[in-house]
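To start, the structure under review is shown below, and the notes come after it.
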Amino acid sequence: MTALNELTLAEARDGLKAKDFSAREIAQAHLDAIDRAKALNAYIVATPDRALKMAEVSDQKIAKGEARPLEGLPLGIKDLFATQGVDTTAGSKILEGFEPHYESNVSSQLWRDGAVMLGKLNLDEFAMGSSNETSAYGKTISPWRRQGSYAPLVPGGSSGGSAAAVAAHLCLGATATDTGGSIRQPAAFTGTVGIKPTYGRCSRWGIIAYASSLDQAGPIARTVQDCAILLGSMAGHDPRDTTSVDMPVPDFEAAISRGVKGLTIGIPKEYRVEGMPAEIQRLWDQGADWLREAGATIKEISLPHTQYALPAYYIVAPAEASSNLARYDGVRYGLRVPGKDIAGMYENTRAAGFGREVKRRIMIGTYVLSAGYYDAYYVRAQKIRTLIKRDFEAAYASGVDAILTPATPSAAFGIGEMASADPVEMYLNDVFTVTVNMAGLPGISVPAGLDAQGLPLGLQLIGRPFDEETLFAAAQTIENAAGRISLPKAWWA
């Protein structure tokens, strides 16, 4: 029999409904797995008492025939989502010990639907990173290893704890956020599925902000179906978030069985970047073949401003971050380091509380917003953003239903491998994903195969605004063709 923590979310839902096991039993199975997996450092804090109390409520609901959509399903929460009464740190020393008195909209909707909270998941500090190496609470280690090697690998970032926990069976699914690829890249690195919904599909209320015009919440799970189930609960209008869109939430789970017959899938020629590994190109071609065999038409398209997306993103995002992170000053909450006066306290607190990568991005952002450089950098980057959005609009107007690209330019790299590199080398991990955030579009990463060293690789599908249903249908087609990747054996236990 499959261990309870190794079930998919859909299988666990069906098992709980059939009373094959209790919510308490599946919660305890996950808590035991978390205890055995401390070497991965996927969780910043586990919440066993809360999990078991929530599971008991779920068992009572199931016994009365009052089960809610996610009744009794144990989930991990990225530590960027405010959780009432539970430390919420954003992976930063400056928020050490901060316990919110409120719950994020996304997590409150999950609890409304009966989900069980296992704990808070590790991440790059303030979601700034592509490897989960910038967390003040230690690096998260990927459950994957290269064949014949014991060298630790990164799980991707910033949602590395979410992806690692899902891949290592430490939760059935996890919340995550995506500003430039922070759901899709770690999902690709860990053989999991991750979707960044359309900007505005999920409320940002109660999520610690990085770049407000780019941030969007979404799920990471082990299958396309599981992601569809979770997004159905996470999405929805919230009047507290002025960017939250007031439109009905579709039945995403029903969409996975639609298939792709009659759809047109675009292949952007600009994504064939110089130096792309041959195995990434082969996987991309294979993905197009799978969709063609399932009845889709494959069409080459042009997204001419793609080459400017990464530099424009690394102007817009740090600019917004420098503004958003100005609120952390040691006055009302979090770390406070005394100084000789109020200005000294601000300086000392921020110097001690922020990590190196966060300081770098705050400085870049402050620089591009300064009077002498605002027009030269920030305004120009926003103009590029508009052109990128128009490229996608033109592609969809030409009859394309979704766009297929690689999710990442490589498989996962080793812990510390990029530590001494130019920061731009790390930023290049987002080369295939940032355009989606700049245009506010939905994008999903789905596992499609393994590289020569046995590490997972993902394909990305990009959709029309608020057409996540087509993405789920196409992603399910790829998952069916590729087969589900066997997740790694528990070498850490």
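Yeah, the Cβs are placed from backbone N, Cα and C, and that goes for glycine too.
What Swiss-Prot records for LYS78 (among others) is active site, charge relay system. In the three-state DSSP scheme, LYS78 (active site, charge relay system) is classed as strand. Taking the Cβ of LYS78 (active site, charge relay system) as reference, residues of its chain lying under 8 Å away and at least six apart in sequence are, in sequence order, LYS120, LEU121, LEU123, SER159, GLY161, SER162, ALA174, THR175, ALA176, THR177.
Reduced to three states, the DSSP call for SER158 (active site, charge relay system) is coil. Counting Cβ atoms from all protein chains shown, SER158 (active site, charge relay system) has 34 others lying within 10 Å of its own Cβ. Look at Swiss-Prot and you will find SER158 (among others) tagged as active site, charge relay system.
As annotated by Swiss-Prot, active site, acyl-ester intermediate applies to SER182, with the evidence given as sequence analysis. Using a 10 Å radius centred on the Cβ of SER182 (active site, acyl-ester intermediate) and all shown protein chains, the other Cβ atoms total 37.
Separation of the C-alpha atoms of SER158 (active site, charge relay system) and SER182 (active site, acyl-ester intermediate): 5 Å, rounded to the nearest whole number.
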